[in-house]
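Copied over from TrEMBL:
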DOMAIN    1-194  domain 'Sulphate adenylyltransferase catalytic'
DOMAIN    202-354  domain 'APS kinase'
BINDING   210, 211, 212, 213, 214, 215, 216, 217  ATP binding site
Ligand code: PPS
């Protein structure tokens with residue numbers, strides 16, 4: 001009997017697969033896919049370490065694991081049938097199919113792509129032809145009084161049911177909260193905690209955006225000092241000027257070049273975030289669509305905190321620290337942001353700071369408070 005999975009196995013899965021194989025008097029093949037999968041899934045390197053820990057809990061002679069180098073398509077019923085065909089080709093006689101097998105979840109209107117039992121129905125229709133029998137994946141819940149798992153349909157009357165949903169599990173991991181032993185195996189939980197540390201230990205990016213001379217670099221520098229004083233995670237400052245010198249020296253200020261410049265910053269920041277560091281970026285980043293693309297790239301790995309430094313163009317021009325506004329007015333610098341080039345004001349930044357009546361230290365402190373509120377730094 002084959003069990004297909006793209007998720008870590010917890011006690012309920014172990015119970016379910018063990019019972020299913022025993023009932024069918026079959027041996028069990030734990031057959032996880034280790035290819036590209038749905039964004040947000042636990043990476044397969046971590047999962048394999050988890051599976052190895054769970055494998056010890058099965059009777060050795062009747063259970064084995066093999067990795068299947070296959071990408072998930074999230075194609076629901078048709079993928080279930082295909083998964084069955086593959087397992088039949090591996091010599092299996094039974095295949096476990098669950099609720100919404102390989103389902104992609106909800107569409108942009110918030111509606112499920114497939115009905116919960118569509119995959120099982122299509123599978124049943126073709127199982128004879130494929131030569132593999134479908135085994136229904138039962139929803140297992142923990143019954144406190146019996147200290148044991150039961151299929152939800154077989155729970156004794158009046159019993160206390162314990163269950164932790166996938167969303168709740170992710171929340172507990174993100175916040176470093178307890179995951180009880182009845183739910184999973186300690187080895188699995190500790191592997192998951194290693195890859196998904198709580199938010200206060202994950203990498204993140206603070207992305208300042210605003211006009212030239214708005215105070216982005218000054219606030220970014222003050223923020224860097226505060227974060228370095230706190231310690232714990234490496235901090236990298238990707239200031240507009242530094243990036244232009246070291247990464248984008250061949251670029252000018254056309255829309256294409258600005259976008260390329262911001263994409264590069266986004267890529268470096270995403271790598272830093274992925275590896276558990278703090279990236280502070282401080283470019284003008286005038287285009288909302290490019291900022292959104294960078295946000296999406298980074299949010300795969302950690303938080304993206306957009307800070308709009310909202311100093312008005314009049315104030316920036318009045319300060320004119322580098323004398324560039326004067327040159328822009330004289331037409332000596334072309335495509336100058338706010339003068340002869342556009343700036344899309346961020347609509348929903350995590351934070352907006354006004355530098356006109358507030359000192360730099362206070363602005364940097366507002367960012368720190370925001371980070372604390374988001375759980376990114378310990379209070
Ligand atoms: S962008 O749009 O995000 O790629 O810009 P960025 O890399 O942050 O570079 C902005 C700095 O370059 C100087 N500079 C100009 N800014 C805007 N428009 C034009 N045409 C321009 N030409 C040169 C300017 O000093 C900006 O520095 P900051 O640090 O923002 O004041």
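The backbone N, Cα and C atoms fix where each Cβ goes, and this holds for glycine too.
Location within the structure of each feature annotated in TrEMBL.
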{"residue": "210", "record": "ATP binding site", "Cβ contacts under 8 Å, 6 or more apart": "216, 284, 308, 309, 310, 311"}
{"residue": "211", "record": "ATP binding site", "Cβ contacts under 8 Å, 6 or more apart": "284, 309, 311, 313, 316, 337, 338, 343"}
{"residue": "212", "record": "ATP binding site", "Cβ contacts under 8 Å, 6 or more apart": "284, 316, 322, 324, 325, 336, 337, 338"}
{"residue": "213", "record": "ATP binding site", "Cβ contacts under 8 Å, 6 or more apart": "311, 316, 317, 319, 320, 321, 322, 324, 325"}
{"residue": "214", "record": "ATP binding site", "Cβ contacts under 8 Å, 6 or more apart": "309, 310, 311, 316, 355"}
{"residue": "215", "record": "ATP binding site", "Cβ contacts under 8 Å, 6 or more apart": "309, 311, 355, 360, 363"}
{"residue": "217", "record": "ATP binding site", "Cβ contacts under 8 Å, 6 or more apart": "239, 240, 241, 282"}
With respect to ligand 1, which members of the binding-site residues 210, 211, 212 satisfy a Cβ distance under 6 angstroms to one of its atoms?
212
Average model confidence [pLDDT] within the domain 'Sulphate adenylyltransferase catalytic' (1-194):
94
Please report the number of other Cβ atoms within 10 Å of the Cβ of residue 216 (ATP binding site).
28
Beyond 210, 211, 212, 213, 214, 215, 216, 217, what residues of that chain have CB atoms within 8 A of the centre of the ATP site's CB atoms?
284, 309, 311, 316
Conformational class of residue 213 (ATP binding site) under the three-state DSSP mapping:
coil
